[in-house]
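Marked as region 'Disordered' by Swiss-Prot: 1-36. Residues or ranges marked as domain 'Protein kinase' by Swiss-Prot on the basis of sequence analysis: 70-328. Under the heading active site, proton acceptor, Swiss-Prot lists ASP193, citing sequence analysis as support. The motif 'J domain autoinhibitory motif' annotation in Swiss-Prot covers 350-358, and the record cites similarity to another entry as its basis. Look at Swiss-Prot and you will find 350-386 tagged as region 'J domain', backed by similarity to another entry. The motif 'J domain EF-hand interaction motif' feature in Swiss-Prot is assigned to 359-368; the stated evidence is similarity to another entry. Summarising the annotation, Swiss-Prot assigns domain 'EF-hand 1' to 376-411 and lists sequence analysis as the type of evidence. Swiss-Prot lists ASP389, ASN391, ASP393, GLN395, GLU400 with the feature Ca(2+) 1 binding site. As annotated by Swiss-Prot, domain 'EF-hand 2' applies to 423-458, with the evidence given as sequence analysis. What Swiss-Prot lists as Ca(2+) 4 binding site is ASP506, ASN508, ASP510, GLU512, GLU517, and the listing cites sequence analysis.
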Amino acid sequence: MGQEMSTQSDMQNENQKGNKRNLKGSQGKNGLKERSTSISKEIVKNSFNNSKLRPGMFIQNSNVVFNEQYKGIKILGKGSFGEVILSKDKHTGHEYAIKVISKKHVKRKTDKQSLLREVELLKMLDHINIMKLYEFFEDNNYYYLVSDVYSGGELFDEIISRKRFYEVDAARIIKQVLSGITYMHKNNVVHRDLKPENILLETKNKEDMIIKIIDFGLSTHFEYSKKMKDKIGTAYYIAPDVLHGTYDEKCDIWSCGVILYILLSGCPPFNGSNEYDILKKVETGKYTFDLPQFKKISDKAKDLIKKMLMYTSAVRISARDALEHEWIRLMTSKDNVNIDIPSLELSITNIKQFQSTQKLAQAALLYMGSKLTTIDETKELTKIFKKMDKNGDGQLDRNELIIGYKELLKLKGDDTTDLDNAAIEVEVDQILSSIDLDQNGYIEYSEFLTVAIDRKLLLSTERLEKAFKLFDKDGSGKISANELAQLFGLGDVSSDCWKTVLKEVDQNNDGEIDFKEFRDMLIKLCNY
């Protein structure tokens, strides 16, 4: 609009200087209209091409019908609000855990707000140790939240089974929890209910335990300059500052300290016969290492617990500093990541050659890479990502990309002696500009999966059809201008303005994209 106003102003100025064009004639009107339309097209094109892509943009309250899309297999668990059902996608065959929440139990306004806030937070969070939300929909009786199946069960059950953990295993677990919390706090999100019941193990593989933080019902956005006041949480894990009604994001660190204490000893630092007694002990902040279980625990481990359980939030260690604590670095320094070399070679090739500037193709691939892949399909890529993520915060910055890229080339068997740092940096900068789809200066986990995965794996008919249906909201068999505008958050625009944007894909020039055009676009991209 600013450009259009400027154009009209310039023409008025020309008239004032004696340039007596007759804008009242039909030719003048048409010329101005054509120029205005041209500018509008350019604005739409620029807005579209500069739009930021995030996995959360694909999670919308859709019109999916549960029994048409999914087949329920068995109940995985029950809670006060509903149940979790192991379900199979009828189109792709993939299995998901679907949380089914009865609307009878979400009658209060605050309960519905809590549910919708949880969905919004999960839409924005993209981290290897945070549960992934695939879909959210509702019908007359229920809300449905679709996520991965984490077959390893709760960390709580693993604690009961093991009694207590070796230091190295406890460090591996708490490092992942802190990685997720560091990422959350960096994005101004506080969990407020961290406990072993809300930490799931991705698989039953005890050698390579990957954890997932779940249940964001009590989570919220926070501001560093403001204290929170809601007294919420679970007795054993709640921080004293929460009980006092004035706290910040470091309430999560207190909970991590309690979890680490339990992992190493098998018992909570603040115990009691009932909730009242437990909370009274939490309020004092006093605990002890004078237990038989702690006699063989290192001073460094105890030091981290002490720093996490500092009574005053201002002097309590931050998530970032806890993640970099000497004990965690020492315990996890020898963790070897065995990377499959063929997978590594393919991922490096895919990363280097990802140069698509077609925003629709990028969006389709991001959806397929982040929402239509399974844990097994991304297992090797997850290892590569973790190896590159040197500071463990779940994102790759420029420096990590430079170091990690060189390491991966060596692992692949390439001779890097002739590659100077400047050449590596140039290549990394090109990679970063190509695959940083949300333009935040980091490579998120889903962005990495999207560009590194075997794209031919993604292009099954079932996956292509599901991706197409995401864009084709009205089920007409074609993706319209307004459907794209909705998805990219650009508002209603005229179809004419979108023809310029879509011309690379729209082969028959009808102003819409059919399935064949959509499929051809992705096949062309994957053939480099």
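Backbone N, Cα and C atoms are what each Cβ position is placed from, and that goes for glycine too.
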Which secondary structure state does DSSP assign to GLN395 (Ca(2+) 1 binding site), in the simple three-class scheme?
coil
Can you list the residues of the same chain, besides ASP506, ASN508, ASP510, GLU512, GLU517, whose Cβ falls within 8 Å of the Ca(2+) 4 site's Cβ centroid?
LYS478, LEU502, VAL505, GLN507, ASN509, GLY511, ILE513, ASP514
Tell me the Cβ neighbour count for GLU512 (Ca(2+) 4 binding site), meaning other Cβ atoms within 10 Å of its Cβ, over all protein chains shown.
22
May I ask which of the binding-site residues ASP389, GLN395, GLU400 is closest to ASP510 (Ca(2+) 4 binding site) if we compare their C-alpha atoms?
GLN395
Around the recorded Ca(2+) 1 site, report the further residues of that chain (criterion: Cβ within 8 Å of the mean position of the Cβ atoms of ASP389, ASN391, ASP393, GLN395, GLU400; site residues excluded), sequence-ordered.
MET388, LYS390, GLY392, GLY394, LEU396, ASP397, TYR442
Using Cα positions only, nearest of the recorded positions to GLN395 (Ca(2+) 1 binding site) (ASP193, ASN508, GLU512):
ASP193
Chain-internal residues, separated by at least six, CB under 8 A from GLU400 (Ca(2+) 1 binding site):
MET388, ASP389, LYS390, ASN391
Between ASP506 (Ca(2+) 4 binding site) and ASP193 (active site, proton acceptor): CA-CA distance (Å):
49
DSSP-derived helix, strand and coil totals, residue by residue, for the region 'J domain' (350-386):
25 helix, 0 strand, 12 coil
